[in-house]
Each structure stands twice: as C-alpha cells, then as structure tokens.
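Read through the structure below, which is laid out as structure tokens, and then see the notes.
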Amino acid sequence: MHRLRAAEHPRPDYVLLHISDTHLIGGDRRLYGAVDADDRLGELLEQLNQSGLRPDAIVFTGDLADKGEPAAYRKLRGLVEPFAAQLGAELVWVMGNHDDRAELRKFLLDEAPSMAPLDRVCMIDGLRIIVLDTSVPGHHHGEIRASQLGWLAEELATPAPDGTILALHHPPIPSVLDMAVTVELRDQAALGRVLRGTDVRAILAGHLHYSTNATFVGIPVSVASATCYTQDLTVAAGGTRGRDGAQGCNLVHVYPDTVVHSVIPLGGGETVGTFVSPGQARRKIAESGIFIEPSRRDSLFKHPPMVLTSSAPRSPVD
C-alpha cells in the first residue's frame with residue numbers, strides 16, 4: 001500500500017489556447033498560390049476539438065487575414081466562433097501587420113470601423129489579458145505609440161488578482177532569422193520600461209512563423225508557430241524560406257506560481273508504445289498513492305463571461 005501524497009503541482013487555474021498567423025484570404029484561393037490556409041486552420045481546430053481540451057479562452061495573436069479582406073474575416077469568424085462556443089471558450093483577437101483595423105473591428109468584433117489602435121483589457125475571473133496593438137498601417141514592422149504605452153502603464157498600475165498575460169503580435173525578442181530585423185518591433189526598450197516590475201506573468205506573440213521562447217525584462221515570452229505556413233530554421237545562414245509544414249499552436253496552463261507553454265503540432269502520428277486512456281491513467285495514479293489537488297477555480301464552476309474593456313478612443317494619428 002502506497003502512502004498517499006499530493007502531486008508537486010495542482011491543476012492549473014486557467015487554460016488558454018494560443019493560435020497565431022492564420023493568414024486567411026477571401027474566396028477559395030491558396031495563400032501565395034501554395035497553401036490552403038483555410039484547410040490548415042480547419043484541421044487544427046478539428047484536432048483540438050477531438051482532444052477534449054476545454055480552454056477558458058482562445059487567444060489569436062494577429063495576422064488573422066493575409067490582406068485584411070472582409071471575406072477573410074467572415075470566413076475566420078465562421079470557422080472559429082462555433083468551435084469556441086462548443087468548447088465554452090472566450091475569444092481574444094489581436095491585430096497583426098497583415099490585418100486591417102477597420103475591417104477587423106467591423107467583421108470580427110461587430111464594432112464601428114476605426115483606424116485607432118486595437119488595445120483592450122479582457123478579464124477572465126481574476127486573470128487579466130491585455131491586448132496591445134503593435135501594427136503600423138501600411139507597414140510590416142511593429143511600433144507602440146507613446147499614448148499606447150501611457151494607457152498600458154495606467155492599466156498595469158493596479159495588479160490583477162491572478163496576474164496579467166500580455167498579448168501582442170510583434171514579439172519583443174530577437175529572431176534567429178536575419179531578415180526579421182526588417183519587420184521587428186521597434187523601440188522595445190520603451191515597452192520594457194513600462195513592463196518592468198508589473199504583474200505581467202507572460203507575453204504571448206506571433207509574427208515569426210515558428211515557435212520560440214525567450215525572456216523580456218525578466219518576463220517569459222512565448223511565440224506560437226503559424227497555422228498557415230512556417231519558416232524553415234535550417235535554411236542557409238542569412239536566408240529565409242517559408243514551408244508548408246510544422247504548423248501548430250500553443251497550449252498555455254496558468255498555475256498559481258508559473259505559466260507553462262506547450263507546443264501542439266498540426267497532425268497526429270503513429271502510436272508508439274501502449275495507448276493509455278484517461279480512465280486508465282486515473283487508476284494508475286490512484287494506485288500509486290498520488291492525488292492531484294484541484295485548482296482554485298473548480299472545473300465545474302460556471303465562470304462569468306469575459307469582461308472586455310477597450311482603451312480610450314484615440315486619433316489615428318495620435
């Protein structure tokens with residue numbers, strides 16, 4: 001008989017799906033004549049649906065539509081909203097450099113078209129997700145205006161009960177591909193001065209089209225791979241090559257004292273070893289005398305809807 005002991009960590013308080021760079025286009029065209037971006041996203045959503053995962057929120061970190069077309073946003077909404085509703089998950093949309101602020105607002109958010117930065121606060125119980133728009137209309141690099149940084153500092157002045165996740169498109173980290181410097185987030189130090197010493201526990205980003213991790217002013221940064229196509233990191237040094245492979249998304253588990261980011265690759269694979277069902281796993285854990293403590297948010301509790309707060313309206317030239 002084993003002595004009963006608690007696992008080293010309880011169940012997570014929050015579970016998020018982090019999806020990025022869907023790059024949908026209007027009609028039935030292939031992205032850059034090569035990739036069926038709709039199909040890749042559909043495959044991933046079906047894979048996630050079959051998994052039994054039940055996230056609290058799904059965070060899309062930008063480049064939702066390749067050309068900012070209304071038809072692309074309508075298509076994305078048609079694919080994602082039923083999926084999120086079935087999972088009982090809230091949707092969090094982030095602007096990317098390929099997106100159009102006015103069209104995204106109109107066709108994804110049912111808001112009046114506006115070219116002001118799309119910054120907002122999303123509260124899921126005690127977890128705060130801050131969406132920060134790093135896009136520059138007409139360009140592909142990233143910038144954050146002084147007015148945006150002021151708004152961000154004001155929001156972060158009051159800590160959230162369970163901390164803050166910052167979601168943006170351009171990651172404030174180096175890229176291992178030289179060409180990325182032409183489209184990187186500029187003046188990252190200014191953002192760092194605002195974030196340092198706050199309750200931001202993790203930064204979620206996209207843009208790079210490959211999965212990577214780093215830290216920024218001591219805060220973990222997780223970049224999700226794209227769902228449409230990815231960058232080949234084995235390309236000759238200094239070069240760049242997009243490829244139809246290695247797509248995926250990230251799973252984010254938020255615990256009281258840590259945030260865990262895990263890559264979910266698109267597609268399955270042959271089973272290796274013996275498949276263990278959830279029921280079998282529970283029995284084996286119990287037989288080992290181990291129990292996993294529940295999270296502070298009971299999984300059966302019906303959580304209140306996510307509360308959205310937009311930043312104050314600003315002039316497009318602010």
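In case you wondered, yes, glycine gets a Cβ from its N, Cα and C as well.
Lifted from Swiss-Prot, the feature list:
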type    : residues                           : note
BINDING : ASP21, HIS23, ASP63, HIS209        : Fe cation binding site
BINDING : HIS23, ASP63, ASN97, HIS98, HIS209 : AMP binding site
BINDING : ASP63, ASN97, HIS169, HIS207       : Mn(2+) binding site
REGION  : 278-318                            : region 'C-terminal extension'
MOD_RES : THR309                             : phosphothreonine
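Distribution of Swiss-Prot features across the structure.
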residue: ASP21; record: Fe cation binding site; CB count, 10 Å: 28
residue: HIS23; record: Fe cation binding site; CB count, 10 Å: 25
residue: ASP63; record: Fe cation binding site; CB count, 10 Å: 27
residue: ASN97; record: AMP binding site; CB count, 10 Å: 20
residue: HIS98; record: AMP binding site; CB count, 10 Å: 22
residue: HIS169; record: Mn(2+) binding site; CB count, 10 Å: 28
residue: HIS207; record: Mn(2+) binding site; CB count, 10 Å: 27
residue: HIS209; record: Fe cation binding site; CB count, 10 Å: 26
Task: List the Cα distance (Å, whole number) between HIS23 (Fe cation binding site) and HIS98 (AMP binding site).
output: 8
- prompt: To what whole number does the mean pLDDT across the region 'C-terminal extension' (278-318) round?
  reply: 71
- prompt: For ASP21 (Fe cation binding site), which of the binding-site residues ASN97, HIS169, HIS207 has the nearest Cα in space?
  reply: HIS207
Query: In Å, rounded, how far does the Cα of HIS98 (AMP binding site) sit from the Cα of ASP63 (Fe cation binding site)?
result: 5
Message: Tell me the Cα distance separating ASP63 (Fe cation binding site) from HIS169 (Mn(2+) binding site), rounded to the nearest angstrom.
response: 8
Statement: Whole-Å Cα distance, ASP63 (Fe cation binding site) to ASN97 (AMP binding site), is 6
- request: Tell me whether HIS207 (Mn(2+) binding site) sits in a helix, a strand or coil according to DSSP.
  value: coil
Statement: Rounded Cα distance in angstrom between HIS207 (Mn(2+) binding site) and ASN97 (AMP binding site) is 8
Pairwise CA distance, HIS209 (Fe cation binding site) versus ASN97 (AMP binding site), rounded so that it is a whole Å: 13
